[in-house]
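The structure appears right after this line, and notes come after that.
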Amino acid sequence: MDNIAGKKSALSWAVNIAVLALVALWVFPTLGLLISSFRTGDQIASSGWWKSMLPTEQNLTLRTAGGDEAELIDGLYTVSGNLFAHEGVEQLEISAYGTSSRDVGAYAPGETVDMGDGEIIAVEANGDYVYSSEEEMSGRGQRVFVTAEVAPEFTLQNYDNMLFDPNNIEGMSKAFFNTLTVSIPATIIPILVAAFAAYALAWMDFPGRALLIAAIVGLLVVPLQLALIPLLKLHNEIGIGKGYLGVWLAHTGFGLPLAIYILRNYMVGLPRDIIENAKVDGATDFQIFTKIILPLSFPALASFAIFQFLWTWNDLLVAIVFLIDSSGETTVMTKQIIELLGTRGGNWEILATAAFVSIAVPLVVFFAMQKYLVRGLLAGSVK
Amino acid sequence: MNPALQGLLTIVIGVGGCVAYFYFSNIILDKVLFPPRGPNAGRNINRANMIRPWLFLLPALLALGLYLAYPVFETLRLSLTQRVRGGGYEFVGLANYQQMLREPKFWEGFSNNLLWLIVVPAASTAFGLLAAQLTDRIKWGAIAKSLIFMPMAISFVGAAVIFKLIYDTRPSGQEQIGVLNAVWLGFDGGVGSFIWLRLVPGLLLLALAAGAGVLAWSLIKPVIGREGRSPGVIFGALRILGAVLMAGVVFVMLRQTLAVFTTEFPYGQPQTWLTIPFWNNFFLMIVLIWIQTGFAMVLLSAALRGIPEETVEAAIVDGANPFQIFFKIKMPQIVGTIVVVWTTITIIVLKVFDIVFAMTNGQWETQVLANYMYDKLFRANDWGVGSAGAMVIMLMVTPILIWNVYNARKEMR
């Protein structure tokens, strides 16, 4: 009803809540991975990422000082001190403690516990303890299980390992540069080829034009799965084999129909007067194209460039068929992640970080140039 | 050579080569072949203008022909041949197809693909429509849209990792780090569990069955209809085939609805979601729906905004309620866009590979055609059957291809 100016829908709060729920549902998965990539492996394994913002309860196993430090006080061998200081860990606020692994939170801090056999222990909330025994103690101290609140903690260590550790063979830095090497030429080259073709299809009159346009619309939906084997055979026969050249050519070929389609649709809409005036003034087609059409078509060029960049950056299939050979030197990020999924299926700190390294660049491109992406979508879908 | 350097060089050679080609070929055409001077100036200009379009088109046509058109025919040829020991190929007729049709893995992939074909476009379009309709009404709609649209930028592999974390399973007794299991362990078999685990999915399945049924009926109606104009033989056959497939889907859905209400759920046990047959397909589909909803939303939102205000205002004046406005005024005006969204997502679904490859690799009855084909081509190294699988995907795309070409030609006239 809000289509009529001045009338506000009574249900607007419901709409707001519904959108909020929808957005939350859509962002939640990515957020989980993002937060996980800033947690240590132990943190990820011990609690769900959605609890990472709240302080977590953690169970620690600490030891009192050993028998050598015991003093004889009132006929009892006694050790005292601070549990955290003794183990050299950060001091925490203890909420419960226990002396048996079967019941780690049996006693409240400050409680004095008779452990039997004449052994008595008391642990304060800050970790101070007094432990005494009627008999002489052994060399190692008594085990104490404490439950403590740990403040939320995040680390950049995962990214450091993934990107900047030269000894990490599972690292992403090489794959990152390989992906960049694949996607930039594969984005730029088809644009130019397509722009000329689109101009011819939009503004030049020649027999067979309509047929060509129809053919390009048809090629838009041909699954690239069909091209894998014939082209791999072709590349091997003409000596390209598996490598960057092959993957650039393949991406160029696969990207062309969409490029021509988007650019032609855009160029057709440019005002006829400009082009005809230029022709009357004696400009050649080549001049019209480079001086008038190309600058005016910038929005369409940008939309296709974003599409092609996202597609080549995110691609897996074309890369494993045309690029990655048995040496693995030319691996791309998507392939690297697949490998990690196989070998490091449970190590979420590694997987999450690797995935986010590969997702980060497309996300930046997406948020920076969303306007062009939307425009391209609207122009590029067959109507 | 350093790949980065090689890349830079390729950009320079590629771009420079293209520019040089276009520039010099035009010069040669104008200055050498048909100079617009001398006695034949007029004729030369006409001839040059006849050839020029092809100069502009040549690189694109070569690339398209070599990388898209030729492979279609070559794959067709390969699917009819078989590698011979010691090199070379021999013609084997339809033997590859026969072998493929005998393999249960192929039928698993085929039926799963059909399930994907119905669920993913339907769900993405429905969510997209909902999101478009809702976000257009609020102040922060642009931000909401861009957040729902965001998964579009994420690779299928990245999305697979994201959802694997959601579906993660820890042994019973440990803290669950996958959201789905954490939620699942919250169910105890009470009333809430009945509503969320039996009633809601059961109704959803029934709705899907009804949708497939309607589709089957609308496909078959013109064939058996008595309203005169019957479709041609080919279209008639296609429609009957489609209707039979949809009827099969209806049957599967109804059977599963029954199962939803009768199965004993293992409450309190953490589940390994991706290994539960049949349902794991849906867990994979959610990933694609999550990605594609943004696309549907953007297109449908543009279409909704393009609706003339007068039509809506007239309906309000006539006393239509919001639901009537949406279904009777707005829907008919955006039905063209819905078809575009639907067919585009359908094509993406037919090619879906990365998600299945990364999450289950076709195990536990989640095979799809694209992954089956990849298995045959690069693991079993059986190019004949692999090509036959590729041809099946091509065959399933063909109706959409024809439809698109038909529409594009209609629009141009």
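Glycine residues also receive a Cβ, built from the backbone N, Cα and C atoms like all the rest.
TrEMBL annotations: computationally assigned, not manually curated.
Per TrEMBL, domain 'ABC transmembrane type-1' is recorded for A:176-369. The transmembrane segment annotation in TrEMBL covers A:12-35, A:182-204, A:210-232, A:244-263, A:292-311, A:350-369.
Ranked by number of Cβ pairs under 8 Å to the transmembrane segment (A:210-232), the listed stretches A:12-35, A:182-204, A:244-263, A:292-311, A:350-369 are led by A:244-263.
In summary, the transmembrane segment (A:350-369) lies against the transmembrane segment (A:12-35): three or more C-beta pairs, each 6 or more positions apart in sequence, are under 8 Å. For the transmembrane segment (A:12-35), the residues of the chain that approach it from at least six positions outside its boundaries are 2, 49-50, 52, 154, 352, 355-356, 359, judged by C-beta separation under 8 angstroms.
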